[in-house]
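Step one of this worksheet: look at the structure below.
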Amino acid sequence: MMAGGVTSFVGMLLSSFCRSLSLIYLTLGCMTGVGNGLAYTSGLLAVNDYFSRRKATALGLATAGTGVGSFVLPLLTQYLIQVYSFRGCMLILSGLSLNLVVCGALLYPLPAGKKSANGALEAEAADATSEALIDTAGQSETAENKNSKDSTGEKVLGQSMTTIKSRTSLERSGRGFCMELWANFDLKLFLNPYFCLLAAATLFISSGFKSVAVILPHHAQLRGLDDMTSVLLISISGACDTVSRFSVGLFFDIPHLVPHRRRIWTLGMLLTASSITAFAFMQNLIPFILISGAFGLTSGLFMSQLYCMLIDLIGRERSRSGIGLLILCFGFGVAVGPPTAGALKDVTDTYQLSFCVLGASTFVGFVCLCALDVALMTQRRQRRRLNLNPTLDISVDQK
């Protein structure tokens, strides 16, 4: 997270000095995007490591900051641009991004040698055990040769053994780090059909609802709203998003609702698709406000519980890799959605078709989630039949 904060700071700072759009793509787009991605992923992994009970509430609270930012930053950015121009706005926002470094410093790692929330032993415990065995072997070998060496030879041998152990430790640490880093890229998850359905749903839904914040202000301006009121719609959506993330986390941790939260979450994506499509037909301020609020509530439901659904699906032991791969799919959707919406606007000279396409993309994600639910229900029925009739030959995917 600290590295992400520094990268985001440098990207915004450099963008304030850029004179061409291509350089802004590189600094504000790539560098700041990479920095924010590092910070966001680190925060999710910290929540995953520290919380095993009431994880829906924990994830809802952890992601609620995104909703607060969606509420505050559009108005703040509009004000800063009007007062200080684009360059001054980027300078101020780059300073704000350094707060990520402070937040990262507050994320203490789990104590070495203890089990983390996913039940796996920390790697430091294994390294310490291996180091102790090597030390013991080195001491035994030195003791066996002690009687046949003079004092000078003993000193040289001791130094040699220390050097060998140090080099061995460094080599093993380097290999261990590389192996651990590679182990985090668990691409075998894409062989799991359930994970593939969730990843496809994430891609389509993110390309739909994440594009709304980009095109909604201009769409509202074309319908006759002024600049500040158009930006206010994003803030209204962000406020409702924050309320949704916090309340849904508490709601989904109610014991009687835990078995049904995936279906409730899936239904919310249908409402998200409907609200996105409704933007295409809005003409006046009041309908815009109402739909913006509804969109914020449903999109907050998706973002706050996406990773909770992932953990329910693949388990905590593989959730670290799963979160990274799911964020990758999410990023692809965000990268594709806004350019597609803008291209459709250039062709039709209106955002009406753009909102319809974005709503359709979100609806495709809803269909993927429905297929996931049907597949899981079918698997449960097969397991029940197998338990009732042990002689029945049914291949059940154990994920």
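Note: Cβ is positioned from N, Cα and C throughout, glycine not excepted.
Here TrEMBL flags 1-383 as domain 'Major facilitator superfamily (MFS) profile'. The transmembrane segment annotation in TrEMBL covers 23-47, 59-79, 85-108, 189-209, 229-252, 264-282, 288-311, 323-344, 350-376.
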Interface present between the transmembrane segment (229-252) and the transmembrane segment (85-108) (three or more C-beta pairs under 8 A): no
Same-chain residue ranges lying at least 6 outside the transmembrane segment (229-252) that approach it to Cβ under 8 Å: 56-61, 63-64, 66-72, 74-75, 78, 212-213, 216-218, 220-221, 258, 261, 264-265, 285, 288-289, 292-301, 303-305, 308
Surrounding residues of the transmembrane segment (23-47) on its own chain - C-beta under 8 Å, 6+ positions past either end: 1, 3-12, 14-15, 55, 58-59, 62-63, 90, 97, 100, 103-104, 107, 307, 320, 323-324, 327, 331
When counting Cβ pairs under 8 Å to the transmembrane segment (264-282), the leader among 189-209, 323-344, 350-376: 350-376
